[in-house]
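Pulled from TrEMBL, these are the features on record:
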type	residues	note
BINDING	108, 109, 136, 137, 138, 139, 221, 224, 246, 277, 305	pyridoxal 5'-phosphate binding site
MOD_RES	247	N6-(pyridoxal phosphate)lysine
Ligand SMILES: *Cc1c(COP(=O)(O)O)cnc(C)c1O
């Protein structure tokens, strides 16, 4: 539907909710309260809400542990030894991959390092890394320490891409031009899939092709893209990627990360890697012998045995994703975010208090809108919170709002708009 059909009215929002095939999924989640009222939760970009089913999933494993003890590793319906396999179908679908290209393990920052061990092999001729300027701090520290670990100078090795003066988002043509410009010196492009600050989705396919054309690898941090933006990692030819599951995947605070390693590296025991017993050939693992033989595919990057309780919570949410269907989620997401954009423009339009920096084109964004607030500052944001709006503030003046298609409604967006309208009357 085109934006022109949107209306700033409660009845319109109610009508949209009534027609929403995903409307009942909202009831599967716990909503926190502020001032005794359920919040308008637009913070799934930071921590997704808790599915009500998580307790049952955890309880099942606690019961297995209580009743089976160590035997739980090999007996029972879902023997822990193979527990990692359960999440593969959903993860593969969400990131657009084959099941053997993905595995859930560790945490995101850890996995970034492990993948760089394999895909950043600098030489004096080819040692540069391209990243967007203002990348998430953990990613910046990771890159800096990786470069130093190999004996190079981060100032020379790390090439940061900045938007043109007066612009907030990177142009694909400029990214490609810089990749070509670095040419033979470029070892790897390691960017966000969806930039956490601006909400921009990068053209991962074009970036990957450009990186390959100069002989470099392309890897993406999908923390904000996974479960949010359409991903086709396998077909795009992306070399490696990693993500966390506690943002749009609703797996719980600090919960397990996932990795993608393209099929072309599925049988490459020669690739450098930091190994552990869980990445070793499953059939021979308990021979406890010397000589690491990596498992086929992404599994070969595992180090430690699976965190069963973490994976149980993860699975509760993945099952909901599969039930809702990622295509349906995306369809609703585009409409919901466009509605939010429409209302913000209606209300703030003339005053210029709010400026949306996230791309207008739905193909270049997920559900999040990032707003620059030009007057009133954090006081406006704090006032929203008192009215039950949970968003996210980033210094110096960015507000991020992420209506998620799984548990947010059009009425949430409308109710936020009313609060916005009142607050701007006060602060504008
Ligand atoms: C959320 C986020 C992280 C967090 O890393 P953890 O290892 O999960 O603490 C890292 N990078 C990006 C881009 C993020 O958005």
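Note that the numbers count up from 1, one per residue, in the order the chain is shown.
The backbone N, Cα and C atoms fix where each Cβ goes, and this holds for glycine too.
Features recorded in TrEMBL, as mapped to the structure shown.
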| residue | record | DSSP class |
| --- | --- | --- |
| 108 | pyridoxal 5'-phosphate binding site | helix |
| 136 | pyridoxal 5'-phosphate binding site | coil |
| 221 | pyridoxal 5'-phosphate binding site | strand |
| 246 | pyridoxal 5'-phosphate binding site | coil |
| 305 | pyridoxal 5'-phosphate binding site | coil |
Completion exercise
Should one count Cβ atoms within 10 Å of each candidate's Cβ, the binding-site residues 136, 246 would be headed by 246
Practice task
Give the distance between the Cα atoms of residue 305 (pyridoxal 5'-phosphate binding site) and the residue listed as 'N6-(pyridoxal phosphate)lysine', rounded to the nearest whole Å.
Solution key: 24
Practice task
Report the binding-site residues (138, 221, 246, 305) that meet this criterion: Cβ distance to the nearest atom of ligand 1 under 6 Å. Use sequence order and write none if nothing qualifies.
Solution key: 138, 221
Fill in the blank from the handout: Here the Cα-Cα span from residue 247 (N6-(pyridoxal phosphate)lysine) to residue 138 (pyridoxal 5'-phosphate binding site), rounded to a whole number of angstrom, reaches 16
